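Report on the structure given below.
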């Protein structure tokens with residue numbers, strides 16, 4: 001953080017050679033604006049604010065989750081309904097904390113910066129973009145580091161425990177079991193939280209940057225200017241009402257009510273939010289206004305902006321449900337994958353990969369339609385508020401997402417504490433529902449990342465004063481090609497990291513089983529600390545190369561090849577990154593739930609595939625282990641790659657526009 005903050009200051013300060021004199025405004029040369037040095041200082045401050053908020057949110061989320069998991073296990077003695085409420089409420093704490101923190105810090109920052117900037121709103125909101133960059137750069141480490149941490153432990157524990165030694169999952173004799181349970185919190189709670197926080201901060205920043213050079217900013221109308229923040233605050237109120245439906249209005253009595261109840265959350269919050277956005281758009285916005293559109297001002301009416309937000313909101317719901325259809329074992333795609341385990345692991349892998357590729361189709365169309373609708377109504381501002389619409393129910397989305405790892409850990413605690421199998425069955429039922437909701441959460445994160453990075457891309461193109469990005473110029477085309485390759489390079493790094501860390505873990509677990517006498521009989525305790533140390537060291541060491549790849553690419557391209565090539569790189573990485581992210585996370589989710597489907601043996605078909613330990617079940621475990629790094633490391637980290645490169649380009653745009661493209665100047 002410190003190193004990158006210094007970089008931001010040096011690059012942005014050098015735009016005008018660190019002069020403290022006022023200079024002509026970027027968009028209106030007749031007026032005088034604050035110097036570039038001010039932008040440098042304030043961008044650095046907002047970057048640090050964003051990073052700190054992100055870290056604090058992740059830390060508090062993990063704190064709450066570790067309090068909640070043991071409580072959920074204890075509540076499970078009274079029945080599945082009580083356990084569900086405990087797990088769900090603690091997830092909701094995390095969701096509200098994140099949404100509220102993000103909003104509060106951003107609002108305070110805007111008001112404090114206004115004391116210095118006064119009427120220069122263009123400069124003010126340009127400096128605020130650092131907030132999104134800070135949020136996302138911490139999310140990169142939370143996601144990549146957390147993903148490597150959790151999956152090294154998970155793969156190591158599964159390969160030796162389940163496949164070689166035939167002991168159940170979360171068995172306390174397995175040395176890697178503590179690292180595995182800690183990892184769930186690191187990756188799924190801290191990582192997911194900071195990821196969605198990053199999206200949220202960036203889409204707010206992208207909307208504010210575009211608004212500051214539209215009629216809102218030029219005429220200094222504060223209420224419509226803060227429209228993006230008002231949407232988010234309405235979202236918090238809507239989510240408060242929505243959570244009551246899960247915990248207070250309807251009691252959960254049976255296992256089969258868990259998943260419908262979580263899905264109801266999404267639908268209720270989306271419907272209520274649509275009404276909320278309608279009211280806000282009517283009250284906060286003037287009936288017609290203009291939006292900056294690549295050099296021109298485009299006339300927009302308030303109902304058109306309402307439609308932009310609503311289309312993003314509903315696209316998010318569609319992506320969520322499509323993800324669920326492809327990853328939940330209640331539907332045919334996962335059952336087909338489970339069925340293919342009859343003939344061994346190879347067919348399971350083939351079917352799983354095909355499912356992941358196929359699951360891209362509808363989400364991509366949903367994203368495409370929402371981009372087309374929102375862009376034709378309100379240009380780039382439309383896309384930014386569509387992304388905000390998708391993220392407006394973030395508190396509910398995070399609640400059902402954090403619920404997953406909490407109930408997963410509760411099951412682990414029940415197993416390790418040697419509680420009765422009845423309790424383990426209840427926590428497993430909670431966990432199976434949590435797996436699907438986690439997949440829905442990842443779908444949301446990827447969909448919103450696509451919209452956010454497109455909005456940031458638009459803000460970047462406006463700021464760097466490029467009127468059109470022409471694919472046929474060689475400068476841009478080579479950028480497209482290289483950009484499309486980056487997600488593959490990034491995935492290769494993260495997966496290899498998981499693989500090598502898992503290798504170390506497997507060797508350590510095998511060593512302990514072979515050398516500690518009485519470990520298998522349960523008379524001696526394994527050395528958990530060594531396994532935790534392997535995971536921690538691997539995650540901290542291995543996240544540096546992929547992190548550097550994402551953080552340095554825009555800088556290198558912008559400085560040496562200039563803004564046009566950079567716009568190509570951003571477009572290319574967006575287009576290919578979204579596809580890989582969706583397919584990777586759905587393939588992994590499907591393999592995981594195919595394994596759970598065989599283990600649960602709930603239907604006739606599942607029982608023919610055998611109990612735990614049968615050949616089809618072993619094939620399913622192999623599929624699940626391959627899917628682990630896909631769904632929890634490389635898939636979810638890619639949406640940060642897409643967003644982070646875009647927001648970083650936007651923050652450094654003033655520097656690239658004046659000093660970039662060294663190679664083409666020679």
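Start at 1 and count along the chain as shown; that gives each residue its number.
Using the three backbone atoms N, Cα and C, a Cβ is placed for every residue, glycine included.
Checking TrEMBL for transmembrane segment across the ranges 348-373, 504-529, 530-555, 556-581 points to 348-373. The stretch that TrEMBL tags with transmembrane segment, taken from the ranges 206-224, 415-433, 472-490, 586-604, is 472-490. TrEMBL tags one of the stretches 160-183, 304-327, 616-639 as transmembrane segment, and that stretch is 304-327. The transmembrane segment (348-373) and the transmembrane segment (444-466) are in contact, since at least 3 Cβ pairs between them lie under 8 Å (pairs 6 or more apart in sequence). 379-400 is the stretch from 83-110, 225-246, 266-284, 379-400, 444-466 with the greatest number of Cβ pairs below 8 Å to the transmembrane segment (304-327). Below 8 angstroms of C-beta separation, residues 223-224, 227, 230-231, 234-235, 237-239, 241-242, 245, 302-303, 305-306, 309-310, 313-314, 316-317, 320-321, 389, 392-393, 396-397, 400, 440 of the same chain, each at least six residues beyond the ends of the transmembrane segment (266-284), sit close to that stretch. Counting only same-chain residues 6+ beyond the ends of the transmembrane segment (83-110), those with a CB under 8 A from a CB of the stretch are 45-46, 49-50, 53, 56-57, 60-61, 64-65, 67-68, 71-73, 75-76, 124-125, 128, 131, 135, 189, 193, 196-197, 200-201, 204, 208, 226, 229, 232-233, 235-236, 239-240, 243, 246-247, 252, 258, 261, 394-403, 406-407, 410, 426-427, 430, 434.
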